[in-house]
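**Q** Have a look at the structure that comes next, please.
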Amino acid sequence: MQPDDLETRAQRAMGRIYLEEEPTIQQWLATLKPTKQGAIGYALALFPCVGWVPRYNLRWFMGDVVAGMTVGLVVVPQALAYALLAKLTPEYGLYTSFIGAMTYWVFGTSRDIVIATTAIGSLLVGSTVTAVEEKQPGVYTAAEVAASLSLISGMILLAIGLLRLGWVVDFIPYTSISAFVTAAAITILSTQFPVALGIRGINTREAPYKVIINTLKNLGHTELDAAIGLTSILLLYLIKTACSQLEVRKPKRRRVWSIISSLRFTFVIVMFTIISYLVNYKLPRDEAKFHLLPAVLIVLVIEHIAIAKSFGRMFGYTVTPSQEILAQGIANLFSPFIGGYVCTGSFSASAVLSKSGVRTPLAGVVSALVLVLALYVATAVFAFIPKAVLAGLIIHATSNLLTSPKALKRYWQLSPFELLIWVVGLVVALFESLDMSIYVTAGLSLGLLLVRMARMPGSFLGRVRIHLVPADDQVVPASHPSEGDAPKAKTAVIIPGEAAIKSYDAYLSTQRDEGFNPRVPLETPYPGMFIYRFPQTLNYTNQGQHVDLISSCITSHTRRTTPEDPSIKPSDRLWNVHEPRPNKDSGSASMLFDGASSSLGTTYDDHLPRLRTIIFDCSAIDSVDITSVQGLVDLRTTLARHAAPGVVEWHFAGVRNRWARRSLAVAGFGHPSNTDGPVSSAQWTPSYAVAGLPADIGEDQGAQSGDEEKSDGTLVESGADEDDVGVTGCQPVVGVNRPFFHVGLAEAVDVAVRSATIRNQQSRGVI
């Protein structure tokens, strides 16, 4: 129960007091209530183009035209090639890229994104088409399956975007995406190498490892297609390498060489299409020298947000994930109505658009016009595009999706366990399926997260005095070896008032596991005072570990003050109850706590201090649940029994969340409790953290006490004369009804030390 005199004593000390009120469900619901201004803002946010179209100018238009035409020439061959993966005719790829480019500028928030066909998306669509054909052969065409998938995907993405649920993408860990993309790239490469080499009879629907084995077994059956496929791959890499070197050697024309490198796909496909036409235009279709386009493809999206955010960070603008998903949903929703299928952000096309000097999302309209021109002009030559050339183009583009050894090394350095999950995801994708890889890696990542959350231990903290010394000030060594003498140990001495420009207290782990200098001594602020830092949020998964660690450490480093009942026989005691003994070899925590008591000039007959104060550093805690609060209550009961008849103060530093403070206050924390023993003015002396007010407020209101304000932030009239006010022109930062909740750890320690010192003096009769 909270003492009755908290407000009275605060009023005697300050002109005004602040009482923290508990948050209510009604207040929370009020924050969710829609407003007219919010509805207007939501409607405008659905159409980001409204913000920049009125400011559109000729300079932006010229940049968008150049960038749009460039990326349009890049998207055309990619759309044709990726349609090979979707088992659709090439015009479906152009239709898909057209609708993405035509609609994104209205709803998108990134100027650098190109929504078009992608290799991985097409592979997923093709897998769906294959699965439907196997289960219901002859019922649905590939185009119908692809269109249905696009329509359903668009509806789901549109709903997610309208509800502003873009944050759900964050639940898919980067490890899962990286493993999935690498596995998908390997799958695409395994299916396209037989095509590029002209090897027939390979069942590319099997697992990738089987396709690779069968391809190697049939290398002796390569045909003339291999000459075209391998030549196209070699030519693509030569152009890319040459342009990259020229960008470095001639930086003034870097943009020109970058555009030429981006157009290598168009150049190669046009060149080999002309060759194919010259060879085959007089032959019947079934006697063509080169095997022509198959009908394969499907698409689905997972990389759009990552691409948009990366370009946003690169060029300094903000991307809204939910709005990006909405734009993607619009494109996929309308794609089937013009003959397209699923589309998403294309990294390669987006990179080209960015390097071409794009100014606004309106560049997508220009690229859409290029695609329309390709549909009307180049449709007749689609039949002459060699399949081996498209396979080579796919192989070249997909090879960039493979995770590099350098990236894998970085994964190992960052988190070895996550690298293991990546390997598992890759193996599952290659030997089972791509979708199963996502499920397995996401499940393993979730399990790893829960284990880390449940088993990450907290740490007891010790205090160290830090002095900031600039490099140009004097730091005099204690000894100076003469010439020829062996070097001796030196102790740096800081010249007071000259070298140290600032000094402050810091709190480091007593376990010495943070990597700081282990020779720096730590001390406890006061005998019987313990500081414990929670490493992350406190919940039901980890509260048991924290409670056990705190209880065992405190009981083993403080003496039990509860008097023994002489009427209790040894045979009536519990078998696991024993008197804790000091352990000098129990580690750094023992040395810290034992040494601190003697360093402060306090000695005890049985060496250990009695428990006085527990301070929790809760800066990492944003919420608590019922189980965690109950664990703290049980811990308080156990330690109160251990320290009886003394009273243990519980201080909480850095609890920012109002609901977390409310939960702790309901459990009896945040203030001295009468349930732990009689709490009176003689036993507890409060301290208040106050902050100065601006001059005009401090003079007019800060020292006044005639006004009373009762609201969420409650200001209460003190009823005292100005001469009785202890602090004028200031207001308490924390509610005076919760004096054991503190803004920071330093404040909590100072208040706790002052309170413990006064209580110790009172018990010894000094005051």
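Here the Cβ of each residue, glycine as well, is placed from N, Cα and C on the backbone.
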**Q** Between 228-248, 333-353, 732-752, I'd like to know which one TrEMBL lists as transmembrane segment.
**A** 333-353
**Q** Please tell me whether the transmembrane segment (171-190) and the transmembrane segment (92-107) touch - that is, whether there are at least 3 C-beta pairs under 8 Å between them, with each pair 6 or more apart in sequence.
**A** no
**Q** State the non-local partners of the transmembrane segment (411-431) in its own chain: residues 6+ outside its ends, Cβ under 8 Å from one of its Cβ atoms.
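**A** Residues 173, 175-176, 178-180, 182-184, 186-187, 207-209, 403, 437-438, 440-441, 444-445, 448.
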**Q** Please work out which recorded stretch in 113-132, 139-165, 333-353 has the most C-beta pairs separated by under 8 angstroms from the transmembrane segment (92-107)?
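**A** Per the Cβ count, the answer is 333-353.
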**Q** Using Cβ atoms and a strict cutoff of less than 8 Å, what residues sit near the transmembrane segment (113-132) while being 6 or more residues removed from its termini?
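**A** For the transmembrane segment (113-132), the list is 71, 75, 78-79, 82-83, 85-87, 93, 96-97, 100-101, 103-104, 139-140, 142, 145-146, 149, 181, 184-185, 187-188, 205, 296-304, 307-308, 311, 324, 327-328, 331, 341-347, 349-350, 352-353, 361, 364, 367, 394, 397-398, 401, 434.
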